[in-house]
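According to TrEMBL, the features are:
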DOMAIN    A:66-278  domain 'ABC transmembrane type-1'
TRANSMEM  A:12-33  transmembrane segment
TRANSMEM  A:65-91  transmembrane segment
TRANSMEM  A:100-123  transmembrane segment
TRANSMEM  A:152-177  transmembrane segment
TRANSMEM  A:198-220  transmembrane segment
TRANSMEM  A:262-282  transmembrane segment
Amino acid sequence: MKTSRIWQMVPLLAPVQLLLLSVIVIPSVYVIWLSFHTSTFGQSASFVGWGNYVQVLTDPGFHSALWNTVVLVVVAVHLEMLIALGMALLFNSGLWFRRILFVAVLAPYAVSEVVGVAMWRFLFDPDVGPVSNLLAALHLPLLEWSYEPSHAMIMIAILTIWMHLPFTFVIIYAARLALPSDLYEAARIDGATPLQSFYRVTMPLLGPAILVALLFRYIFAFRLFSEVWLLTGGGPARTTEVVAVYLYQEAFTFSAFGPAAATAWIMVIVSMLLASGYIYLLRRQVRNAG
Amino acid sequence: MAQLKLSGVKKDFGGVEVIKGVELDIEDGEFVVFVGPSGCGKSTLLRLIAGLEEISGGTLEIDGKVSNDVPSRDRGIAMVFQSYALYPHLTVAENMGFSLSLRKTPKAEIDKSVLQAATILKLEHLLDRKPSQLSGGQRQRVAIGRAIVREPSIFLFDEPLSNLDAALRMETRTEIAKLHRDLAATMIYVTHDQVEAMTLADKIVVLKGGVVQQVGAPMELYRNPCNAFVAGFIGSPRMNLLKVDVTSVEDGKVRLAQPGFEHLVVPSGRVSGPGKALLGVRPQALTLNPGPHQVSGTVTLVERMGPETVISIRQADGSPLLAVLPGDVELALDANVSFSFADTDVRLFPASDLEN
Ligand SMILES: Nc1ncnc2c1ncn2[C@@H]1O[C@H](COP(=O)(O)OP(=O)(O)O)[C@@H](O)[C@H]1O
Ligand SMILES: [Mg+2]
């Protein structure tokens, strides 16, 4: 068979591989290449070695963005897990109007992020927002998110929890539904109070699902972008910038493609570290359970 | 050790009555078996006793104390589930000691109780395994072990053997019987298998459609079934119920119109007048020897087991009949055969017994 004919056949034999190559591998390699060069519009790239990485890692702006990201990840993801767990158990314990509530809980996932953010901006608008008005009427402190950085961070956390709660909730709820009811009957006969059933049966058995949900959410949350960008744009004065926003600013505001590419790779590496840590824990748990 | 008294116990699920007023006394240390076809309410009745379902009407007394509202954990019961319901995240030892650890029993004491139960059930070498690493039979023993560790006064079993293969089922059955002898606890056992009921029970409770049909010792039910349902359910293979026409009832004796039964005089039982009735004949009561009362038909199946032969025939009216003959009997398919039986081996039931 002629070599040219083999080359004609390759696309038919390996569509998935080709797809991966074109949409993941080649861009990734290009970004690696870019991260070792200085590059901006109208100027040919020149090699700078680790320079971009050094620049990013020593930039106070990056430090603050990283700190903000870590705070948001830790606070939002764990709070979200607690809420999701509570709601899953509530749904499981036989709630009234369960179907309608289920739809309501899942709805944020069907709403476009832009629409969602616009909605929350309106609700919490310091001047005309219904929630702000309500808080004011109750003489409660307002969320001054448009100029008070800590309030803005709270607002971002609320928003990201609201947006991703359906994901966490569905994973935990599905895992809870999969637990056979006779285990709980056995526990009841064994003398367990509802609280003991929760700590000694539900929690250990939901462990793997909680771990998986947390892992995914850490990774998603680490890439947190649209909530921040659409709500505060990283402001006021870059105080609420997160890593992904920092990257975006570097690339498209300052046209510094080299540091932006380096930031992207730093994010990938952190995500992979998170993921591998959790996969390790997960495998250990599965081995223990098996 | 405990005695139970159920008076007019009812259960309905959203308006559908599933247990329809059960009266039952269970003595201290008795082995009681609830038996009946699938869906008759056996499990529900057991779960009412366990406190896993709320009783809708009537009273449940345990040791003379009304216990309708006593929570499961205070009823002095332990239950073995059909699905075993072992905690998958705990080892065998932890599963067995779970109830004690909930009560904050010292570890040494838990270990001692667990080891004791494990020794009875020959589970010592499996104590560190997880349920997923056990065979079905081993899981079943762990479930029984978990019940033993609680030292309950009442053991409840819900079809504990139905997921085991035949050999293991027989072995475990023997073990449960031995356990009952050794522990002298009250045991209530649910099964749809009349063989388990016959071999294990001190007292059998036959249920159908949420109603108790008959309560009694196994041989009592076998010899004197109170209706055609119990007659058909107890005994293997099941009793033949021949459709007959009663011509007259006199002095508690009945005469039948059927050809072959002209000379048959049977106690009327619950049959009060002429009309349709069912004549119960156990397959083992039929013989090939000639006699005054005859049933005949063509052979449709011969099952030669060695010590006995099971013969299926089709009677002239198309209804099937089963005969069990001792020893090995050779019969050709489609051959015409006649069986006879003695007056004393038959029992008459109203035809209405098998309606609904
Ligand atoms: N939780 C329930 N809700 C509604 N119906 C039920 C419930 N549990 C059992 N039933 C009904 O009660 C009847 C008896 O069930 P069950 O006690 O499980 O029968 P068995 O154990 O004799 O096979 C069945 O018709 C079943 O459908
Ligand atoms: Mg059942």
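Using the three backbone atoms N, Cα and C, a Cβ is placed for every residue, glycine included.
Note that this is a predicted model, so its numbers are computed, not measured.
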Report, as numbers and ranges, every residue of the chain located at least six residues beyond the transmembrane segment (A:198-220) whose Cβ falls under 8 Å of a Cβ in that stretch; write 'none' if there are none.
73, 77, 80-81, 84-85, 89, 164, 167-168, 171-172, 174-176, 179, 183-184, 187, 192, 271, 274-275, 278-279, 281-282, 285-286, 289
For the transmembrane segment (A:12-33), find every same-chain residue at least 6 residues outside the stretch whose CB is under 8 Å from a CB in it, and list them.
261, 264-265
Selection from A:65-91, A:100-123, A:262-282, the stretch that has most Cβ pairs under 8 A to the transmembrane segment (A:152-177):
A:65-91
Tertiary contacts of the transmembrane segment (A:262-282) (same chain, 6+ residues out, Cβ under 8 Å):
31-32, 35, 52-53, 55-57, 62, 208, 211-212, 214-215, 218-219, 222-223, 243-244, 246-247, 250
